[in-house]
Number of protein chains: 2
Amino acid sequence: MEGKMRQHLLQMLIENGDTFVSGQQISDELNCSRTAIWKHITELRKEGYVIEAVQRKGYRIVSSPDRVTEHEISARLKSDVLGKNIVYEESVKSTQEIAQKLSYEQKPEGTLVVADEQTGGRGRLGRPWQSPKGTGIWMSLILRPEIPLQKTPQLTLLAAVSVTKAIYKVTGLHAEIKWPNDILINGKKTVGILTELQAESDRVHAVIIGIGLNVNVTVEDFNEDVRKIATSLKIESGNETKRADLIAAILEEIEVLYREYLNKGFGLIKLLWEGYAHSIGRRIKVRTASQQLEGVAKGITDEGILLLEDDNGKVHSIYSADIEIPGT
Amino acid sequence: MEGKMRQHLLQMLIENGDTFVSGQQISDELNCSRTAIWKHITELRKEGYVIEAVQRKGYRIVSSPDRVTEHEISARLKSDVLGKNIVYEESVKSTQEIAQKLSYEQKPEGTLVVADEQTGGRGRLGRPWQSPKGTGIWMSLILRPEIPLQKTPQLTLLAAVSVTKAIYKVTGLHAEIKWPNDILINGKKTVGILTELQAESDRVHAVIIGIGLNVNVTVEDFNEDVRKIATSLKIESGNETKRADLIAAILEEIEVLYREYLNKGFGLIKLLWEGYAHSIGRRIKVRTASQQLEGVAKGITDEGILLLEDDNGKVHSIYSADIEIPGT
């Protein structure tokens, strides 16, 4: 109850921005005493909020800490389903692992697992993903779409479009999508998306979308090898971003496109994806488990499969591969 | 060690069928004393084996109990990979649930979970599956094929073909496959197959094939409603079947077809499947989550999707549905 009330208070303050909120207003809305309000303000200050308190005017937030706790996210979030249930942990091995478990336990669609640090973060194909404390968004979202198995790769593309849009909205940075699941800024990897499934062969139980996003990571945080291929929003924009703002924006973008997707199908998502895609129409090298190919990326199919036309004009369907764009 | 030795002894006796195996032969092969052999024979008798012991001739099995323990199955099994690791439990909620967990723990391909009884067995689409004690095969097999997600429904079909072949081999009964995952004898459901996945959107970690097979279930074991639509090998053939014989035969059939599938693709499996299919070329009713259709089942695609031609000649791709064959 205490937590809920504090969250409600925080939400009021955040929504009012620079405007003071009077003690009376808070006390009416929260149905609590002035003393109780003061106690919550003290707690919020301990959490790193700088809150101005002026007699006869009330309270306002001067600055917030960059935290990704449940109430930091909830206070910013305007969504109907996604993020309505948030599980925050300071440090975890992997948010995907926790989300997988919660999904088995029938937690509802929209459940979000978010951590300040991952000690064993995983990327696509089991590759490790560095997730240093306090500098990135490491989160996993449970969706339960009623779609056939064959269509689930579409949700990776939907998530990539949503994250790209949210990055632009919050930071003004133009990101590009590299098939199937990376997001690049100025040619360097900024976001990785990992989509995992729990399914029967003809029914999807859950799609778990993991997002790793380098927000305030600095060049020094990356080791030498990673520096050449990875970047962060801070490195590219010069500014710090409040992670909770970006998480809220990502969830809102996903919610809009996901609703569109469930109601009207993949059409719009595909158009948006192709618009943001880094490689479509360009010459690429493709390395699958069994072969290497070179040619022009022609587009994606309605099932999210990449079409590659080789130099003999033969079109290959690429289900899973690493792609390389010569000259980047 | 004791268990391994007993299993080895059992295997020798089973392989020799009606022929006596001399104490000397056993003692040489197992590298143990006559007293040790006698101890193992006593233990096997306690488990329900009737073993004849004749001086100067040796031992032979007169009858075996119908058990599905690790050593009962292993003694009969001639496979390279499948069933090399067997987890037997007397009573479980669901073998799928255990196999899911073991798969997350990186247990190898071919791991088999088998139980004498399931208290919460599940069929396709979360439907309950009755799994009474001692009368059926309730098992789950972990496969780890390197195939794209889109192709995993093919493995349900592969499993259905394998089980149909194994039933014929062991009992002489002709079964038919009803798309996607039921096996019928004389029009009544005898086997259900449930295929579940652990996957990324472009990599399959595991395909877990659950098989529920009514072996020695009697008419009385089914409630009134189920009686009309379900049957067992015993009801149809009049004979009891040793479950371990059938499990070994199923694993061997799956292994042969699975190897063919990984090396040469879905072609042969598709032909076999269509050969055993109950509904192809016939008029069927299809009920999907969103609509009802009627028409002729034309066949399956290379991805295991059912093609239905309606009365206007339009062909529909059916990913997931219940089908009904009028007049059966």
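Heads up, residue numbers simply count up from 1 along the chain you see.
From the backbone N, Cα and C atoms, a Cβ is placed for every residue, glycine too.
Listed in TrEMBL for this protein:
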DNA_BIND  B:23-42  DNA-binding region
DOMAIN    B:71-262  domain 'BPL/LPL catalytic'
BINDING   B:Gln118, B:Arg122, B:Gly123, B:Arg124, B:Lys189  biotin binding site
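TrEMBL feature annotations superimposed on the structure.
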residue: B:Gln118; record: biotin binding site; contacts (Cβ under 8 Å, 6+ apart): B:Ser91, B:Val92, B:Lys93, B:Ser94, B:Thr95, B:Trp129, B:Ser131, B:Trp138, B:Gly212
residue: B:Arg122; record: biotin binding site; contacts (Cβ under 8 Å, 6+ apart): B:Ser94, B:Gln96, B:Pro128, B:Trp129, B:Leu194, B:Gly210
residue: B:Gly123; record: biotin binding site; contacts (Cβ under 8 Å, 6+ apart): B:Trp129, B:Gly192, B:Leu194, B:Gly212
residue: B:Arg124; record: biotin binding site; contacts (Cβ under 8 Å, 6+ apart): B:Asn181, B:Gly192, B:Leu194
residue: B:Lys189; record: biotin binding site; contacts (Cβ under 8 Å, 6+ apart): B:Lys178, B:Asp182, B:Ile183, B:Ile229, B:Ala230, B:Thr231
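Proximity to chain A (Cβ-Cβ under 8 A) holds for none of the binding-site residues B:Gln118, B:Arg122, B:Gly123, B:Lys189. In this structure, B:Arg124 (biotin binding site) is part of a helix by DSSP. According to its DSSP assignment, B:Lys189 (biotin binding site) is in a strand.
Between the farthest pair of Cα atoms in the biotin binding residues (B:Gln118, B:Arg122, B:Gly123, B:Arg124, B:Lys189), the distance is 18 Å. In the three-state DSSP scheme, B:Gln118 (biotin binding site) is classed as strand. Here the DNA-binding region (B:23-42) has a mean pLDDT of 92 out of 100.
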